[in-house]
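Notes for the one structure printed next.
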Amino acid sequence: MTITPQHLIALLPLLIVGLTVVVVMLSIAWRRNHFLNATLSVIGLNAALVSLWFVGQAGAMDVTPLMRVDGFAMLYTGLVQVASLATCTFAYPWLEGYNDNQEEFYLLVLIASLGGILLANANHLAALFLGIELISLPLFGLIGYAFRQKRSLEASIKYTILSAAASSFLLFGMALVYAQSGNLSFEALGKSLGDGMLHEPLLLAGFGLMIVGLGFKLSLVPFHLWTPDVYQGAPAPVSTFLATASKIAIFGVVMRLFLYAPVGDSEAVRVVLGIIAFASIIFGNLMALSQTNIKRLLGYSSISHLGYLLVALIALQSGEMSMEAVGVYLAGYLFSSLGAFGVVSLMSSPFRGPDADSLYSYRGLFWHRPVLAAVMTVMMLSLAGIPMTLGFIGKFYVLAVGVQASLWWLVAAVVVGSAIGLYYYLRVAVSLYLHAPQQPGRDAPTNWQYSAGGIVVLISALLVLVLGVWPQPLISLVQLAMPLM
């Protein structure tokens, strides 16, 4: 096939981030300068975000059999870029106090963000696998970036070994699917599945293995065991990326796969996914109840959030509404997580060994950093799904979709899970307003709201509140972002 200028415009975000990777690499080789490399990375990611406008003008198309650029791809590319940008801005003050090599951090974030864009555009199992590897491999390095901290190194090794195992499951599952159907492209798979092939044992085994691999990457129960340890061990800016960008990109591609290849039509697959969703919601919330470490708590809560999203995925066959639900929910989850992890990153910057992640570090934060405490409170309320925040709109959508598809037991799980979640989110929020301990352990810098990370956190809080009261702009955007059928 010939690549036309139209195709190049459609690939702009991918090309810009790829170019930024090369530029940052050369810049590191030329001269180590933390500020320069951070600025280059942020400029590149911003340019990729702006280029989405030109992509939208070019219209939807297939660029190579592996990639399809349409509204859906643009929405998820945008979300991944926002998460990567936030990660870079949170990382800058954190790395200022870090004595080993600082610049490679941005390189790894950029490469992972490249994987995220590839996943958002993937239209083929090969692209899906490449994207997942591109997003996972840099994460091995990022999680262990503070490698002189025992926890960080341990988290990196755990994630690396388990991730390699999960990837092999995923690959073997794809091989079985290919052996049975002879296709790897999502749409061709959809056509061959339409011929009543969904009852073939080989095909079901293939999809089962793929669910194991993808379930690990999305940290769904029972493949979630790495999540709390890795969230706790990884540096705070990395936990931000792990909780947002990698989850959003992978969920986006799974969504597209289920849309084109109606795997959900198989009763067996639906039951398995239903059980996984149910277990993730209940288990994630119950385990978060007893946590005294904020990053572990957010790790367990991310398991339950992915469970809620899975409810919308199972209801995908029942109409357009669940695409909308996932888009709105992910946007709410993105901004709430960016805000929550952003506060942890600001409290932990500059690097001085372990992060400020114990709940005790946040006691009485309100009395000396009132705005930061207010932001953290808003994020906790949004994650809990309290009305007037964006988190509520997303949860409401998921419930509506569940009711529409009459998945009553999952709707019940979402309601019960949200009730349990309320307790531990409010526990974090309340501790911000208690009496401050005599000698506060860690504190955010005095002028935090003027730093790039502080601005990102404040914008996230604003978006969560404004879109929570008036969600129409977001809903319209998500409705525009429909995949090319």
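The backbone N, Cα and C atoms fix where each Cβ goes, glycine too.
According to Swiss-Prot, the features are:
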- 8-28: transmembrane segment (TRANSMEM)
- 35-55: transmembrane segment (TRANSMEM)
- 105-125: transmembrane segment (TRANSMEM)
- 127-147: transmembrane segment (TRANSMEM)
- 159-179: transmembrane segment (TRANSMEM)
- 203-223: transmembrane segment (TRANSMEM)
- 271-291: transmembrane segment (TRANSMEM)
- 297-317: transmembrane segment (TRANSMEM)
- 326-346: transmembrane segment (TRANSMEM)
- 373-393: transmembrane segment (TRANSMEM)
- 408-430: transmembrane segment (TRANSMEM)
- 455-475: transmembrane segment (TRANSMEM)
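Three or more CB pairs closer than 8 A are found between the transmembrane segment (297-317) and the transmembrane segment (203-223), so contact between the two stretches is assigned (pairs 6 or more residues apart). Between the transmembrane segment (326-346) and the transmembrane segment (373-393), three or more CB pairs separated by 6 or more residues in sequence fall under 8 Å, so the two stretches touch. A contact links the transmembrane segment (271-291) to the transmembrane segment (203-223), because at least 3 Cβ pairs that are 6 or more residues apart lie under 8 A.
Across 8-28, 105-125, 159-179, 203-223, 408-430, the stretch most heavily in contact with the transmembrane segment (373-393), judged by Cβ pairs under 8 Å, is 408-430.
Among the listed stretches 8-28, 159-179, 408-430, the one sharing the most Cβ pairs under 8 Å with the transmembrane segment (105-125) is 8-28. Beyond its flanks by at least six residues, the transmembrane segment (159-179) meets 125, 129, 132-133, 136, 139-140, 143, 189, 202-203, 205-214, 216-217, 223, 225-226, 230 of its own chain at Cβ-Cβ distances under 8 Å.
Long-range contacts of the transmembrane segment (8-28) within the same chain: residues 36-37, 40-41, 43-45, 47-49, 51-52, 54-55, 57-58, 61, 63, 67, 69, 77, 81, 103-104, 106-107, 110-111, 113-114, 117-118, 121, each at least 6 residues beyond the stretch ends and with a Cβ under 8 Å from a Cβ of the stretch.
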